[in-house]
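So Swiss-Prot says this about it:
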| type | residues | note |
| --- | --- | --- |
| DOMAIN | 32-211 | domain 'BPL/LPL catalytic' |
| BINDING | Arg75, Gly76, Gly77, Gln78, Ile79, Thr80, Tyr81, His82, Ser142, Leu143, Gly144, Gly155, Leu156, Ser157 | substrate binding site |
| SITE | Lys139 | site 'Lowers pKa of active site Cys' |
| ACT_SITE | Cys173 | active site, acyl-thioester intermediate |
Amino acid sequence: MNNRIILFQNFGLKHWIDMFNKMHAFTEVRNINTYDEIWFLEHYPIFTQGLLQKINTITYNNDILHDIPIVSTDRGGQITYHGPGQQILYFLIDLKRRKITIRDLINIMQNLIIETLNYFSIKSHIKKNSPGVYVNNKKISSLGLRVKKGFTLHGLSLNVDMDLTPFNYIYPCGDINIKMTQVKEFNSFLTLNDIRVILIKKLSQLLNVSIIEKFSIK
């Protein structure tokens, strides 16, 4: 098994629970010969609550949430929203084999977003003690990971071209002061595919690997 290769898959628009189960199933059966993978996808509308979830982070009652489901999950972080037009990356990485820490991976993920946005002339930044990436002090990318037996699950989301309204129903990441933004507000011509191509290129550089589509491996 070549450790200089990470496989990627583009799943398109999927239900959250299906992909949650799929990544856990992948992690349960993987071994020292299993390639690391990064999954690209979007989710149908859903609110997910992480392990650090606090009370009173939903601003409206369920009748006003327009039937968007709310689920608790096993990633870090607090509440966020996923919906079509948001690029999600799940990182299924063997930390020990890559000789990196969870903090290293978080830094890589944040730099990935910053460098990708910079490629499109969108200047972004991080905030101390507030994981994620921001543009003009509005959040454009959220992070949330879990480590199980040295393997990572979950990952990041990047708002590209989506309806941001549901973020108004919650306090994103449990912070009443966070406002959300997306790529569309700075470049209305970019597509998810445009973003995905550069994400793969930057991932390859940051992880010093070849990012190869899974089904091209013989």
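For all residues, glycine too, the Cβ spot is worked out from N, Cα and C.
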Can you tell me the three-state DSSP label for Ile79 (substrate binding site)?
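The three-state answer is strand.
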Compare the C-alpha of Lys139 (site 'Lowers pKa of active site Cys') with the C-alpha of each of the recorded positions Gly77, Ile79, Tyr81, Leu156, Cys173, and give the closest one.
Cys173
Distance check, please: Cα of Ser142 (substrate binding site) against Cα of the residue listed as 'active site, acyl-thioester intermediate', rounded to an integer number of angstrom.
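The residue listed as 'active site, acyl-thioester intermediate' has its Cα 8 Å from the Cα of Ser142 (substrate binding site).
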For Leu156 (substrate binding site), what is the secondary structure state per DSSP, taken as helix, strand or coil?
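In three-state terms, Leu156 (substrate binding site) counts as strand.
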How many Å lie between the Cα of Cys173 (active site, acyl-thioester intermediate) and the Cα of Ile79 (substrate binding site)?
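Between the Cα atoms of Cys173 (active site, acyl-thioester intermediate) and Ile79 (substrate binding site), the distance comes to 5 Å.
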Of all the recorded positions given, Leu156, Cys173, which residue's CB has the most CB neighbours within 10 A?
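In terms of Cβ crowding, the pick is Leu156.
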Find the longest CA to CA distance in the recorded substrate-binding set Arg75, Gly76, Gly77, Gln78, Ile79, Thr80, Tyr81, His82, Ser142, Leu143, Gly144, Gly155, Leu156, Ser157; express it in Å as a whole number.
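In whole numbers, the farthest two Cα atoms are 15 Å apart.
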Judged by the number of other CB atoms within 10 angstroms, which among Arg75, Gly77, Gly144 is the least packed of the binding-site residues?
Arg75
Have a look around Ile79 (substrate binding site) and count the other CB atoms within 10 A of its CB, chains all included.
23
Note down the number of other Cβ atoms within 10 Å of the Cβ of Lys139 (site 'Lowers pKa of active site Cys'), including every protein chain shown.
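I count 23 other Cβ atoms within 10 Å of it.
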